[in-house]
Amino acid sequence: MDENGTVKPGYELKGLNSGNSRSNMDKDPIVSKFHRAGLNDSADEEDTDINGNRNTSWITSMISEEKRKVEGKSMLNDEEDLHLSKATLNKCDALVKILADIIKLEFVIHQSWYIRSLHKSVLIQFEVETSGGNKNSAGDSGDDDDDNHNGNLDDSFYKDLSLKCIKKCEKSSLALESLSRDIDQIRDFIMSNTIEDNRVDRLLQNSMTLLLECWIYSMKRLRRLRMKIAGIFVRSKLLLIDHELVTIWHFLQEQNEHETVNNENELKLAETIKSYRAFIKIFIQQLEDSESGSPSSSLFEECLHVFLDIESMYNSLNLNWLLNENKALQERLLSPSSTSENDHTNNLPVIDETKEIEDISSFVNSIVDASMLTHDLTPINSSDSDNLSNGEIDRLDGRRLSSSTSDMSLMMQRTSLQKQLPSLLTAFNNARRLEQELQNACKVNDNKHSTKDTDSNIRRNEHAMSSSVSSIISQNSTLASPSPPMSSSFISTAPSQSSSRMSTLPLSPSSSLLESQSQTLKNNMSQWLNQSRSGLNGTKLIPTNHIGFHSNVLNTLYGIGGGPVSKSYKSNQPSSQNT
């Protein structure tokens with residue numbers, strides 16, 4: 001390639017990888033500058049300088065010089081190659097911006113206080129070096145370091161530091177992914193204009209060579225930055241694992257102090273922590289060696305595989321410990337010798353199903369007996385008894401049930417009969433109602449018998465009164481006019497005045513018998529009026545103001561229009577009485 005960027009005829013592309021061609025390429029001004037700025041040179045240390053623009057200034061100057069050559073059209077004669085060179089140089093500008101972002105991200109990570117503290121804490125914690133900066137072996141640290149570590153075990157500084165560094169690694173990884181996608185677009189541009197177009201000779205042009213060298217340099221910086229972030233993550237995880245192991249060890253120590261159990265697990269975990277720290281000490285040294293070497297070295301990859309093995313072993317140990325701890329906790333909870341469990345058991349009532357059923361039966365029987373006793377002790381007349389509906393009885397029963405003791409409620413809640421108790425109470429209520437109806441039926445039966453006796457007495461009284469009236473009429477047949485009808489005396493008088501009216505009649509031999517029977521009739525009627533008028537069918541008879549007696553027999557006898565009489569009573573009257 002001459003100064004104008006054209007390929008000489010005698011230059012063969014297949015000899016690019018040979019020693020002579022590489023020596024010739026080292027003489028190229030573009031390639032030689034990138035080789036001198038390689039990652040193994042001291043120029044890499046200048047990338048950590050605060051002035052990030054100075055790190056890419058030498059690349060920017062090369063791009064500007066190449067742009068002036070393209071604008072002057074002094075090295076290209078083809079219009080297509082001129083357009084490609086301009087596009088290639090624009091890609092170089094974009095790649096320089098990506099490289100500047102990579103350098104800034106390196107600077108932020110290098111100057112971060114958390115990451116600096118992490119590196120120092122890992123070296124001290126795993127005894128790679130002491131706080132004075134001298135490296136010591138694991139055996140030289142002695143018991144003093146162990147006491148120092150034990151004094152700082154309760155400190156959560158390492159835990160917080162590790163978590164913050166892991167979070168910073170996550171953010172940096174997201175930024176690296178974005179930068180990697182931008183660099184991949186540059187690679188696709190190079191591939192599409194050289195290999196895919198079968199124009200590999202374009203790689204020998206100054207603009208394409210500059211873009212290719214910038215891309216290779218950026219990829220090396222990006223790979224090294226990934227190694228740094230991965231190393232920070234590995235150190236954070238190792239420090240966090242050490243903190244969690246020590247936390248578990250302290251937990252076992254406290255558990256052994258409060259409980260007289262075997263401390264075998266505590267001793268095993270203490271030995272595990274010692275061996276872990278001794279192993280991590282060697283591992284950290286190898287990790288630092290791999291980071292200081294070439295990014296393409298396989299030593300760093302081997303360190304990553306070792307770290308993955310360590311992490312998987314810790315996860316297995318942690319999971320196994322959690323399972324054992326959970327099992328031991330369940331055994332302690334189920335153990336009858338536990339004090340807290342005994343206290344809890346003593347607070348709970350011991351349930352005996354047989355005694356519980358007896359208590360429930362006696363409880364329901366007491367409710368029924370109290371209800372029956374209330375009905376027996378409280379005098380209720382016929383009208384009040386009729387007005388007491390089934391809904392009111394249910395409300396009374398509900399109030400009685402709500403007044404039961406809390407111990408009974410607790411017992412019913414803890415038994416299997418809880419679901420059946422409402423149906424049992426309903427059955428007892430129905431039984432009580434049936435018993436009341438049977439009692440009412442018995443009362444009506446007694447009333448029927450008394451009514452039959454009354455009817456027989458009334459028929460006897462009727463016969464006697466008829467004979468008396470006949471004798472009176474026959475004895476007073478000499479009067480000019482007959483006496484007024486007897487019914488007129490009953491229209492304006494009450495049944496209670498019948499005795500005085502009948503006392504005005506002339507005396508006869510049967511007057512004493514009539515008077516006694518009249519008194520018996522009044523007593524029977526008074527008893528009848530005071531009794532309940534509800535039959536077996538529950539028909540309610542409301543007394544109304546009417547003229548005459550409540551008996552069709554007397555109304556027929558004295559010629560008075562009868563009042564309302566129950567159907568049950570009418571059905572029992574003989575048809576011969578309605579004369």
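A Cβ is built for glycine as well, from the same backbone N, Cα and C atoms used for every other residue.
Residue-level annotations in Swiss-Prot identify, among Ser42, Ser466, Ser471, Ser42 as phosphoserine. Feature annotation (Swiss-Prot): of 1-27, 136-162, the stretch labelled region 'Disordered' is 1-27. Swiss-Prot assigns the feature region 'Disordered' to residues 378-401, out of the candidate ranges 330-353, 378-401.
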